[in-house]
Amino acid sequence: MVQSSVLGFPRIGGQRELKKITEAYWSGKATVEELLAKGKELREHNWKLQQKAGVDIIPSNDFSYYDQVLDLSLLFNAIPERYTKFDLAPIDVLFAMGRGLQKKATETQAAVDVTALEMVKWFDSNYHYVRPTFSHSTEFKLNTAAGIKPVDEFNEAKALGVQTRPVILGPVSYLYLGKADKDSLDLEPISLLPKILPVYKELLQKLKEAGAEQVQIDEPVLVLDLPEAVQSKFKEAYDALVGADVPELILTTYFGDVRPNLKAIENLPVAGFHFDFVRVPEQLDEVASILKDGQTLSAGVVDGRNIWKTDFAKASAVVQKAIEKVGKDKVVVATSSSLLHTPVDLESETKLDAVIKDWFSFATQKLDEVVVIAKNVSGEDVSKQLEANAASIKARSESSITNDPKVQERLTTINEALATRKAAFPERLTEQKAKYNLPLFPTTTIGSFPQTKDIRINRNKFAKGQITAEEYEAFINKEIETVVRFQEEIGLDVLVHGEPERNDMVQYFGEQLNGFAFTTNGWVQSYGSRYVRPPIIVGDVSRPKAMTVKESVYAQSITSKPMKGMLTGPVTILRWSFPRDDVSGKIQALQLGLALRDEVNDLEGAGITVIQVDEPAIREGLPLRAGKERSDYLNWAAQSFRVATSGVENSTQIHSHFCYSDLDPNHIKALDADVVSIEFSKKDDPNYIQEFSEYPNHIGLGLFDIHSPRIPSKQEFVSRIEEILKVYPASKFWVNPDCGLKTRGWPEVKESLTNMVEAAKEFRAKY
C-alpha cells in the first residue's frame, strides 16, 4: 500500500480566524490565553480534517502565529540582544522580532522601541519569512520559556488520537537563509553549523522521547545554486543528527530542481527524501538513483503552490515510474510543498461560476487528491474519481473561456519599438525638470494610505447594494480629498490619491480585466496577519475599459501639485495571481503589459503625467538558478514593463516600486523607469547601497518600515539619509517610505511622514 502525505496545511483558518485573534491580541482586545486557545483550536481542526480525509502522514509544527522560520529562531534562542532587554513574554518577543514594537513606559514596565527583523520572500513564492539574524554572540540553546513548540504540538495531536510527523526547517537551510547582524557583518552564518547542530540533536531526541517516529526536515536551499562549501555541510549536519536516539529523518526539498546539488545528499544516512515533481518532473530518474536500500521516495505530485486540479492520470504515471525505480513499499504520494500557499477550502466559494469552479482544487481538496492517487497506484478501485477528474481536465482544455483570438493577435504586434521610450533618460530628465520643478530630495509616498474601518464598511455596503454608486463615489472622493489635503499640509512634493477605492493592489485590477476569476474566501497568508486573496488567471487577458482614470483625475483636480497615477505592473499581477498552467508566464505577462499600456496612455491623456507602475514581485519571479531560464525571464519581465510604459511622452515621469527582495541594479535598469523606489529600511549591509551607486536614473531608498507600527524620529531619518548620501548622489535621491501605508493607522502615518518631510527639508538647507 502506497502511503499519502501532506507537507503542511494552511494555518490561517477557514474564516481567517488566526488573523482576527492575532490582531485582537496586538490591539489589546484579546488576552494571551484567548490567542493560544484559538491556535489550539485551529491545529485540532487541521489534524482532524486530514485524518478524516484518509491522509496517512499528517504534519505537525506547521502552525505558527506569525512565521515558521521565526518560530525556530525563538526556539533556538537566535534572538538579537535588542529584543531581550524588555522583560517581554515569549510570544511578545516573537511578535517584536516579526513586526517591531513601540510601547510607552508604564509604572511597571520601561518603554519599548525596537524595529523588526528583515522580512524577505520565501524562495519564489508570495510568502515572506522573517530572516534569522546572527551575531558572534549568538548562543544557540533550546529556549524553553514557552515550552518546546515542535514537541508540544506533537503531544497535542497525539492526545487527540492523531499520530503526526513534525516539520522542522533543517540546519543548513536555516543558517543559509539567515544573515549576519549589523554588529557582526564579517560573520558567515553557515559557519555557525557546529554550534547549532547539538541543539537540533537535542530537539530531535525530545521528539523521539515523545513518540515521534519520523520528522520531516526541510532543506529547500537544495534547489538553489549552492557554493561547494555549503554543499559539503549537508554531510556534516546529517552525519551528526542521524542516530538511534532520534526519529527517522525525511529530508525534504521543494520549489525546484535538486540535481545540481545531488552529490551533497546522495550518501546521507536519512530514512528518505522528498522531491518536487510538479515543478521538475524530469528530475525523477536522477534523484531516484541516489536512494539506498531502505530509503523512501516521497513524490510531490499534487501542486502545493497553485489551485488547478491535479491531473490524476499524469500524477499517477509519475508515481508509477517512481514505484518502478524503488518499489511500491518505498514510495509516498505527497503534495509538492506545504499547502500554506493555497486557499483553505473550495467549498466555501459559493459565487464562482460552476464551470470554472470545477477546474480548481484548494488545500482541503488536495487532501483528497493525494489520497486518491495513492489508492490508484496501490491498485484500489477509484475509477469514479478518475473518470470525473479526466472529464474536468478535458473540459478546461477545450473551453472557450481560455481563448481570445483578438488578444492573441495583438500579441504578435509587440516589437522592440513598442517597448522603447521616445528618448533616453537624460533627455527625458531635462524635460521633466522643466515641467515639474521639484526641489532636491523630492518627497513622495508609495501609493496607499490607511484603509480605515470606515472605508471597509462603505466598500462592503456598496458591494451588497446598500448604498448607490453615487453615494459610494462621493464617499471615495471625500477620502481622496482627506489624503490630498494631509499631504499638502505636511509638504510632500509628489502626491498620491491614497487608493481608498482599492481592496488589494492586484485584485482591484484583476476585477476589471477580462480573463480573471475571483474568490470570496480564497485567502492565503503573505506574512504575519497579512493575507491576500489572489485572483485566478483563467484565460487571455485584456482591458475592456479604463480602471483608474476617474479617481486620479479627481485627485489631480483638487491640487496644483503633481499627482501620481498608481498601477500594479504586469509581472506583479502575474506573480500575485494564481497563473494559468497551460500557457507560459511570458505570454501572460505580455498580455498584461498590453492591457496596462492602454491604461497608462489613458492616464496621460487625462492629464496624469506622473505614473507609477509597481513591480514588487519582479525579483520573486526570478528562477532560483542561474542560466538561460533566468536570463529569459529577466528579458520578458522587463519587456512586459516597457510595453506597459513606453507609449508616453518624454515629459511624463514613469515611477516603479520594489520591495521584499534583494535586487540587482541591472534588473531595475532594464525597466528604464525614470524614478524607482526600493524597500530599504531594514537593510543593514552598507554594501547594498554601494550596489546602486552607479544606477543612472533617480532612486528612492525606503526610509521607514511600513510593516511595523513603530514611528521613526526625524533624527532617525536624518541619520539614514546621511548614510545613503555617502554613496548615492543627492541630485538623484528621492525621500519616501519603504512601501504603501495601507496597513498602518493614521496617527503613526501622520507622525512618520511629518518627520520624514522635515528631514528632507533639513537636507535641502544643507545642499
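Glycine residues also receive a Cβ, built from the backbone N, Cα and C atoms like all the rest.
Taken from Swiss-Prot, the feature active site, proton donor applies to HIS707, supported by experimental evidence. In sequence order, ARG99, GLY100, ALA116, MET119, TYR527, GLY528, ARG530, ASP738, CYS739, THR743 make up the list of same-chain residues 6 or more apart from HIS707 (active site, proton donor) whose Cβ falls under 8 Å from its Cβ.
The Cβ neighbour count for TYR527 (5-methyltetrahydropteroyltri-L-glutamate binding site), using a 10 Å radius and every protein chain shown, is 22. Annotation comment: Swiss-Prot describes LYS19, ASN126, ASP504, TYR527, ARG530, TYR531, TRP576 as 5-methyltetrahydropteroyltri-L-glutamate binding site, evidence class experimental evidence.
The annotation L-methionine binding site is assigned in Swiss-Prot to ILE446, GLY447, SER448, GLU499, ASP614 on the grounds of experimental evidence. Within 10 Å of the Cβ of ASP614 (L-methionine binding site) there are 24 other Cβ atoms, across all protein chains.
Spatially close to GLU499 (L-methionine binding site) yet at least six residues away along the chain are GLY447, SER448, PHE449, MET505, MET566, GLY740, LYS742, judged by Cβ distances under 8 angstroms. Residues or ranges marked as L-homocysteine binding site by Swiss-Prot on the basis of experimental evidence: ILE446, GLY447, SER448, GLU499, ASP614.
Under the heading Zn(2+) binding site, Swiss-Prot lists HIS657, CYS659, GLU679, CYS739. Cβ neighbour count for CYS739 (Zn(2+) binding site) (all protein chains, 10 Å cutoff from its Cβ): 26.
Set side by side, the binding-site residues LYS19, ARG530, HIS657 differ in how many other CB atoms lie within 10 angstroms of their CB, and the most is found at HIS657.
Among the binding-site residues LYS19, ASN126, ASP504, TYR531, HIS657, CYS659, the ones whose Cα is located within 10 Å of the Cα of ILE446 (L-methionine binding site) are HIS657.
ASN126 (5-methyltetrahydropteroyltri-L-glutamate binding site) is 16 Å away from GLU679 (Zn(2+) binding site) when you measure Cα to Cα.
Considering other CB atoms within 10 Å as the measure, the emptiest surroundings among the binding-site residues ASP504, GLU679 are those of ASP504.
Reported as a whole number, the C-alpha separation between CYS659 (Zn(2+) binding site) and ASN126 (5-methyltetrahydropteroyltri-L-glutamate binding site) equals 12 Å. CYS659 (Zn(2+) binding site) has a Cβ environment of 25 other Cβ atoms inside 10 Å. Of the listed binding-site residues, namely TYR531, TRP576, the sparsest Cβ surroundings within 10 Å are found at TYR531.
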